[in-house]
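The structure under discussion appears below in the form of structure tokens.
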Amino acid sequence: MNTYLLDDWSTDQKPRNRVRRQYDDERVMSTLAVAAVCYFSVSGGPIGSESIFGAGGPAVGLLTLIVFPFVWCIPTALVTAELSTAFPENGTAILNRSFNLLHPHRSLAGGYTVWVYHAFGPFWAFQEGFWAWLSTAIDNALYPSLAVQCISKCVPTIATSWTPAAIWLAKVLVTCVFAVPNLLGVQLVGQGAMLLSLVVTLPFIVFTVWGFVVGGISHHNWSILTDVRLDPATGNLAVDWSLLLSTVFWNCNGFASVSTFAGEVVNPGTTFPRALALTLIAIVLTYTFPLAAGAMLDAPSWHLWHEGSFNDMAHSLGGGNIMLGFVTVATLASNWGQFSSDMFCASYQLTGMADMGLAPAVFSMRTAPPAHVPYASLALSFMVVVVLTAFDFTAVLVMGNVVSALSQVLLLAAAIQLRLRKPHLPRPYRVPGNAACMAAISVMPVVVLGYLISTTLNNVAAICVVVTTILMGLVYSWAMHLTPLRTTLPATKILS
């Protein structure tokens, strides 16, 4: 039996080329497939974005949607494109010391965990992987809740007559249905995401056009787009900045998730930059136009918006229940696509950590080729979702955002450190400039993350989750003999 290590091998281009050639025939995800999965990992449609306007008004919401891509989306997409193309074998490959043998039938995941490993060593790599996996699993619990809430708009007895236990069981049933594509393999997830993106997009194109015609042309409500939220008593600006930032962050976060399945991507050097660019454009259009059209409809007024308000807007458009039916289908497709993409990324993330020796070996188990489904990782992620569906939507949103913010800070630090430690690492796509430039584009994302953490830590549940998450990571690291000073995995933890 051969012994395999995660060595500091990545600056040697020849072994990397040999590995890539062996993996090339197994890569199945095209630019459109990657863009579709990324779209659902980050956005998945305008559903859930209503509070961007509700928290501050249309003027503040539109300004936020214009500015936020420059301070968050573009910098994180650039970092993701560079490092995903630098480590394109699902993060890395486990090789022996002489670089001659590749672990048979083993396609590794890991993504940004591998970036942090090469930047700071296994201790921080585990913290990054654990925080990222947990935040994705927490985030995934939102979509069954949104789906049941959407169905309740068409079946009012769910909200008025069902007990909390019955509603929770309905969420569990939705979770089971949503998880089906992940049990059938990588290719189906990518193809399913492309199909669902069409199902989500088309109804909202109709909604947007219809909304502009009714609200803008018929009712002349264009001035509503200049409204801001004011305090009724004093007339002063009364923007709920915490809700606004949490909502826009949740709706624009997740670009780095695509790195977890880089080994499944055809020609990653060109596919990733193109897919990320397509995703960014689609996200800006997804939020800006439907929200603006909905605001001009003024039924209900943007003052009353919360998650799920698009269904109420669709019902107000008239035409019987046709538009409501279209938006309901789009909402369910959006929830399904986001759930499937997040579950896909979370399971590959945990499996990659197990492959690297950073998580228990049981999570490296997969089904037989060609599906290679990481069923143990899927099972754990599924159980986390089932438990968290019992919690309030806003509480889950805050918990997921705070844990995600911790992982994002470490990810950006790793990108800068890799420019310093490995300046000659082959990067098929490279952010222009040196390490100082990489640090410069990371400044605004770090400011956003710092503000997000500071404004949400007044939430007791968020504080408990953050403290528990950090303690769990430290305890596991101690048990695995991982310390911040260690630069390699302990010999007893190396896969063989």
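The backbone N, Cα and C atoms fix where each Cβ goes, and this holds for glycine too.
Per TrEMBL, the features are:
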TRANSMEM  28-47  transmembrane segment
TRANSMEM  59-87  transmembrane segment
TRANSMEM  108-126  transmembrane segment
TRANSMEM  165-184  transmembrane segment
TRANSMEM  196-218  transmembrane segment
TRANSMEM  238-263  transmembrane segment
TRANSMEM  275-293  transmembrane segment
TRANSMEM  313-333  transmembrane segment
TRANSMEM  373-391  transmembrane segment
TRANSMEM  436-454  transmembrane segment
TRANSMEM  460-479  transmembrane segment
Cβ-based contact of the transmembrane segment (59-87) with the transmembrane segment (196-218), 3 or more pairs under 8 Å: no
Contact between the transmembrane segment (313-333) and the transmembrane segment (436-454) (3 or more Cβ pairs under 8 Å, separation 6+): no
Tertiary contacts of the transmembrane segment (436-454) (same chain, 6+ residues out, Cβ under 8 Å): 70-72, 75-76, 78-79, 245-246, 249, 401-402, 405-406, 408-409, 412-413, 415-416, 419
Interface-richest range of 28-47, 165-184, 196-218, 238-263, 373-391 toward the transmembrane segment (108-126), CB pairs under 8 Å: 238-263
Stretch in 28-47, 165-184, 196-218 most in contact with the transmembrane segment (373-391), if contact is a CB pair under 8 A: 165-184
Positions whose Cβ lies under 8 angstroms from the transmembrane segment (196-218), at least six residues beyond its ends: 36, 39-40, 44-46, 224, 286, 289-290, 292-298, 310, 313-314, 317, 323, 326-327, 329-330, 333-334, 336-337, 340
